[in-house]
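Below is one structure, written out as C-alpha cells; the observations come after it.
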Amino acid sequence: MTYLLGLTGGIASGKSTVSRVFKAAGFPVVDADVIARRIVEPGRPALARIVQAFGPQVLREDGKLNRAKLGEIVFSQPRRLEALNQINRPYLRAAINQALAQAKAGGAAIVIGDIPLLYEADYVDAFDGVAVVTVDPKVQLDRLMARDGLTEAEAKERIASQIPLAKKAAMADFVIDNNGRPEATIAQAKALIRQLQHLS
Ligand SMILES: CC(C)(COP(=O)(O)OP(=O)(O)OC[C@H]1O[C@@H](n2cnc3c(N)ncnc32)[C@H](O)[C@@H]1O)[C@@H](O)C(=O)NCCC(=O)NCCS
Ligand SMILES: Nc1ncnc2c1ncn2[C@@H]1O[C@H](COP(=O)(O)OP(=O)(O)OP(=O)(O)O)[C@@H](O)[C@H]1O
C-alpha cells in the first residue's frame with residue numbers, strides 16, 4: 001500500500017529542503033510549482049485565457065508568460081489573484097491528480113505531493129495525511145525577501161495571500177519546524193519517513 005503524503009507550508013517556509021530528503025530516499029515527489037509552470041507554456045489553453053484576462057503585458061517578447069509582471073499584478077490586488085486562480089485551478093487540479101495517480105501506480109511505499117496551496121485550493125482529501133513545514137512569521141519574511149529580492153511590502157503581500165502558517169500547522173497531521181538549521185529540518189524529515197514507513 002502506498003501512503004500518499006501531502007507536503008505543504010507557506011511561501012519560503014522550506015518545503016524544498018523537505019522534498020529533497022524524500023527524493024534522496026527514493027520516493028517520488030509530484031511538485032505543484034513545476035506543474036503550474038507547465039500548464040502555462042506557450043500554446044496551452046490556460047496561457048491564452050490569462051492573456052485574455054490580463055492583456056498582452058503579461059507576455060514576454062518570446063511568447064512566454066512574464067511571471068514577474070503577472071506576480072506584481074496579482075499579489076498586490078487580491079481580486080486579480082482570485083481571477084488568476086479561477087483560470088488556473090481546474091487545469092492544475094487535473095494535471096496534479098494525473099501526476100499523483102501515475103506516481104502511485106509505480107507502487108512506492110510513499111508518494112509525496114508538494115503543493116504550496118494544498119489548504120487554500122482544498123486538496124486535503126486527495127491525501128492520506130498532510131505534513132506542514134512551518135517557520136515563525138519573521139523568519140519567513142526575512143527568508144522570502146532574501147531569496148526573491150522582494151521589498152518588505154512585496155514580501156508581506158505574498159505572505160498575506162496565503163492562509164497563515166500557524167493555522168496550517170494546526171490543521172496538519174505532521175509538522176516540521178524549519179526555524180533552525182537545515183540539518184535539524186533534514187533530521188525531522190528523515191524521522192517522518194520512518195514514521196510513514198510503519199503506516200504504509
Ligand atoms: C503569479 C505567478 C506567475 C508568479 O510566478 P513566480 O515565478 O514569481 O512564483 P512561483 O510560481 O515560483 O511561486 C512561488 C510561490 O508563490 C506562492 N504562490 C504561487 N501562486 C500563488 C497563488 N495563486 N496564491 C498564493 N500564493 C501563491 C507559492 O507559495 C509558490 O511556492 C505564479 O506563481 C502563478 O502562476 N501562480 C498561479 C498558479 C498557482 O496557483 N501556483 C501554485 C501551485 S499550488
Ligand atoms: N533552515 C534554514 N536555514 C536557513 N535558510 C533556510 C532554511 N530553510 C530554507 N532556507 C532558505 O529560505 C528560502 C526559502 O526556502 P525554500 O525555497 O526551501 O522554501 P519553499 O517552501 O520551497 O518555498 P516556495 O514554496 O516559495 O517555493 C531559501 O532561500 C532557502 O535557502
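The backbone N, Cα and C atoms fix where each Cβ goes, and this holds for glycine too.
Keep in mind that this is a model prediction, so the values were computed, not measured.
According to TrEMBL, the protein has these features:
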type	residues	note
BINDING	Ala12, Ser13, Gly14, Lys15, Ser16, Thr17	ATP binding site
Next on the checklist: Radius 10 Å, atoms counted are CB only; among the binding-site residues Ser13, Ser16, Thr17, which position scores highest?
Outcome noted: Ser13
Checklist outcome for this item: Near ATP: residues not in Ala12, Ser13, Gly14, Lys15, Ser16, Thr17 with Cβ within 8 Å of the site Cβ centroid are Gly9, Val18, Val133, Asn178
Checklist outcome for this item: Reading the DSSP string in three states, the entry for Lys15 (ATP binding site) is helix
